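S.K.: Questions regarding the structure given below will be posed in turn.
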Amino acid sequence: EAGEECDCGSPANPCCDAATCKLRPGAQCADGLCCDQCRFIKKGTVCRPARGDWNDDTCTGQSADCPRNGLYG
């Protein structure tokens, strides 16, 4: 939602302050296929394996999202 950096619905998330819905100090992310232990996963790490004629989708190192590369193998 607007103004939220993370989903504050779960107080158990160590990356997100449930009271403010903001990332905790030092955290880059709180969830996502390219987020691990509150940090972005390094560039080139497979976040979604190849399927059919499509290549692997990989993390960018700049975001917690796993972008679709849109490339055929």
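Note: Cβ is positioned from N, Cα and C throughout, glycine not excepted.
Keep in mind the model is a prediction, meaning the values are calculated, not measured.
So Swiss-Prot says this about it:
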- Cys6-Cys21: disulfide bond (DISULFID)
- Cys8-Cys16: disulfide bond (DISULFID)
- Cys15-Cys38: disulfide bond (DISULFID)
- Cys29-Cys35: disulfide bond (DISULFID)
- Cys34-Cys59: disulfide bond (DISULFID)
- Cys47-Cys66: disulfide bond (DISULFID)
- 1-73: domain 'Disintegrin' (DOMAIN)
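Have a look at these and tell me how they're positioned relative to everything else.
M.R.: Within the same chain, the residues at least 6 positions away from Cys21 (disulfide bond) whose Cβ sits under 8 Å from its Cβ are Glu1, Gly3, Glu4, Glu5, Cys6, Asp7, Cys8, listed in sequence order.
Over all protein chains present, the Cβ of Cys16 (disulfide bond) has 25 other Cβ atoms lying within 10 Å. Under the three-state DSSP scheme, Cys16 (disulfide bond) falls in the strand class.
Neighbours of Cys15 (disulfide bond), defined as other CB atoms within 10 A of its CB across all chains, total 19.
Spatially close to Cys35 (disulfide bond) yet at least six residues away along the chain are Cys15, Gln28, Cys29, Ile41, Ala64, judged by Cβ distances under 8 angstroms. DSSP assigns Cys35 (disulfide bond) to a strand in the three-state reduction.
The Cβ of Cys59 (disulfide bond) lies under 8 Å from the Cβ of Leu33, Cys34, Phe40, Ile41, Lys42, Lys43, Gly44, Thr45, Cys47, Cys66, each on the same chain and at least six residues away in sequence. Following the DSSP three-state reduction, the secondary structure of Cys59 (disulfide bond) is coil.
Classification of Cys66 (disulfide bond) by DSSP places it in coil, neither helical nor stranded.
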S.K.: Using a 10 Å cut-off, grab the number of neighbouring Cβ atoms around the Cβ of Cys38 (disulfide bond), all chains included.
M.R.: 19
S.K.: C-alpha of Cys38 (disulfide bond) to C-alpha of Cys16 (disulfide bond): distance in Å?
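M.R.: About 9 Å separates the two Cα atoms.
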S.K.: Three states by DSSP: which one describes Cys29 (disulfide bond)?
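M.R.: Once the DSSP labels are grouped into three classes, Cys29 (disulfide bond) ends up as coil.
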